[in-house]
Structure formats: C-alpha cells, structure tokens
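Below you will find the structure I want to go over with you.
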C-alpha cells in the first residue's frame, strides 16, 4: 500500500504542469475554490481521475475519508470539462499520449524500468550457490550463459558478481513458488547495490583479516549481503572473526529497528550497529583499529536509477529527491550540496589510521558526483604528501587489460540500473597486523612522529573499470592517475565552483510552491486507503 501511494504521488509530480493547465483551462480553480492546503490533494486525485479515463470512482464507505471524498466530488463534477481540456491540449501539441510531454531522459528511464532484469543474491548464511542451482533446476528453470539469452523460465549468473543470479522480471511469481525467497535463501535486490559488498569482501580477503565499516545510504539488505559474503569467505578459510560495523546515527528509531530486524532475519551474527554518526566516530578508538575496509555510499542524485520510486522504497532512500527525479533534472544548489558531503565522507574515511581500502559508491550518472569528487580527494591526498599509486589489483572488478580509465562505472541499460565505484587503497603500515596490541588503553597513539610516519607510508590508488554490459560483452579499463599540480585544497576549489526563474500567473503562484514533500507526506498518511479502490475499478 505504501508503494502504491508513493507511486501515485510520484506520477502526479511528473505531470504537474499538465494537471495545472487542465485545472486552469477548465476554470475549476475559479468556480470551485478550495483551501491552499488541499491543492496538492487536488493534483494527485486529478491524475488518478485521468488514469481512470475520467470515470468517477465508486466509494466504499468502509474506507471513507471526508477530506479526500470532498475533493473527489468537486473533481467528479468537472470530469467532462477535464477530458475536453486534455483533448484540446493533446491536439494543440500534436501528442499521441501524455507520456510524450515528459522530458526525454524521464521517458527513457520509464522505458528501461519496464524491462529491468530481476537480480537476486544467494544468502550464504542460509544456503549455498549449489543448493540454489539445484532448487531452480528442479523447479524447471534453465541456466543460460548470458543475460541476452534470458527468456521465459531461465536464469544466468551475473558477469560481475558470482553470487548474483539474474532472471526475467516476469519470473518473480515462479520464484515465489520455489520458497527460495520466503526462506531468505535468495534475496531480490538491485544489482547496483551489490557491487560494493562484493568489492569489500574481496579487499578484506586480500587484507587477510580485519573488519568492515559501512557508512551512508545502505539498507538492511546491503548490510546483510556484506556480512553474508564475508562470513562465507572466512568460513572457507577457517577464520570467522570479522565484524561489519554500520553507522546508523542519521537514521530514525524506526529505521534502526527495521535495519536490525532485516539483519536478524537474514541470519547475520557478525553485524554491529553503531548509534553514532560517521563523522562523530573516534577514528583512533580501539574498537575500530581492526577496520581494514570502509564502504561508503553517501547520498547521491540517483540519476543512474531508472526506477527511482521502487529503488528508494527498498533501499530506504531519500524521498526529497523525488521532485527532481520527476522532472528529470536536479537543482544546481542541491547537486553542489551533495558533492560537498560526498567529499567530506571520503576525507573522513581516509583518516582512519589502519584502513587499507576505502570504497566509494554512488547511484549517479553525474561526473560531479563521480569522477570529479574522486579526483579532488586524490589530489588533496597527494598535495598533503601521499606517495604515488600502486598498480596491484585489489578489486574483483580489476583486470590486466591496459587502458586509460580509472573507475568502475556500470551504465544504466534496459537490463540494469547504473552505479559508480572508486577504490582508494594504500600500503599497510608495518604494524597493521598488531593494530590493537600496540595501542594504549585509551585506544590512541602518542606523538606526532608516529602519525606522520603512518601518513607518509600511504599509497593512494584509484581503480576504474567501465562495464558496458549488453548481455555477453564487457569492457574493462584501468590506469593510474597523473600527478596533480595542486596548490589549493579541494575545499577551496569546490567553494570556488559553488560561487558561480519568470513569475507565473497569480492562480498558480500559491500551489506552484507546493513541494514533493507536501504531496508525499499528505498522500501516504491520508490518501493510501483510497488506492485500494483503484485496483478494484474495472477501468484503469
């Protein structure tokens, strides 16, 4: 029900300008004055009304909500005028359907969203890849070699992450019948969220031992995936001592409880939630001296996600982005704010004394959030005295192929959403294996010389691989970063960048200011009951 409410509000945002035009052209606003605080409700109900071809909905009095019903009755009396206004608008603009009015990038995302594959990772805490293959085989699924061959009751292994299986989205019901999903042996999740955990597992395995610290926009599923992969690798190596720390200081109490519930349901016993904010953590605390890998997913624009509504709900994302996503662009000021926070997160992660790798991930297609952020941090590290980068491969996405690229980038396609990942690595200090032993009781080193020695031994490296998956082929690229010539800090550069619309009609001025948050919050809590009728209606 929550998903349906958000979807209806999100679609109303996409067509807000058209809905406003219909209301003005039909003189609804002049003849049916309503309080300003109900105008968001008017827009959403009008969208639902046109989806039903302007056929009034039969009201179930058991689900009667007075405010909603009053607005609905006002709109129903203008149904024929609304239909005529919409017809005139389509003729004037020569459009076959209202979808044609959407920005091109929004239309492309809608088309891709309808054909995205179903991705699911194997929960090694409750099953194994061999067991899942066996269950699927007995259920009539055929294993194929590539995504391009998937059709009907088929599946294949993901070309980038070996624990991920890919299915046609229409096979969700057949998967339900296998009980793999209900028993939490196979977990459905977007592939873009699974790249980071796989990279973290590989890096920790090469570090021989240690913990993982996660910070950012991670759902309980992503935390569980990371813990599951690490447990599997360490169990096979006879070592099961690593802990996955997750910072939840920026979450509400309800979100923390839900995250803990998901982790428990998945069978994770190596996860510890940290109530503090990531930036408030004492990086020299004894508790974090075994942390070797930090996995970051700061808030991003989600511009590489084709189905943002579903993604935000599953991944506990930021609903404030919905208005920007609905119109297909993000305000410059908001993008700059995101970039500033992303850089701060990487800076803070790199200051942990025993860290060997920092994995930075986004779900954005904007270079400002991806390559430019990483280069700014790298340049700052080099300017502070860091050494040149090592070419040793630490990532499961690395390759011996020579190229000029530096980051991993999965472009959005009809099969998958997009993501970006950069891996910062540095050479291990000589005392990294005995990190906890050589600390005083208060968990801090003494003397500036030791800190300086630790910093000077760091070697920063960036890995990039640009994966363009068309079902069977992948392009992989890697190189080192050229020595930068920087005299200013990244903060100063960013501040310099950050230092660089006609009034509408009076009838529109009030409710043009209504934001996505007003619509969403109002609709989720007061309008969701009405949505059940939508599914019962014979016309859609």
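Note: Cβ is positioned from N, Cα and C throughout, glycine not excepted.
Feature list, courtesy of TrEMBL:
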- 250, 277: S-adenosyl-L-methionine binding site (BINDING)
- 446-455: compositional bias 'Basic residues' (COMPBIAS)
- 469-482: compositional bias 'Polar residues' (COMPBIAS)
- 108-427: domain 'SAM-dependent MTase RsmB/NOP-type' (DOMAIN)
- 437-483: region 'Disordered' (REGION)
- 514-531: transmembrane segment (TRANSMEM)
Using Cβ-Cβ distances, find the residues under 8 Å from residue 250 (S-adenosyl-L-methionine binding site) that belong to the same chain and are at least 6 apart in sequence, listing them in sequence order.
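Sequence-distant Cβ neighbours: 277, 278.
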By a simple count, how many Cβ atoms lie within 10 Å of the Cβ of residue 277 (S-adenosyl-L-methionine binding site), its own Cβ left out?
13
Find the average pLDDT over the domain 'SAM-dependent MTase RsmB/NOP-type' (108-427) in the predicted model and report it.
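Mean pLDDT, the domain 'SAM-dependent MTase RsmB/NOP-type' (108-427): 90.
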When DSSP states are folded down to helix, strand and coil, where does residue 250 (S-adenosyl-L-methionine binding site) land?
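Coil, per DSSP.
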Sort residue 277 (S-adenosyl-L-methionine binding site) into helix, strand or coil using the DSSP assignment.
coil
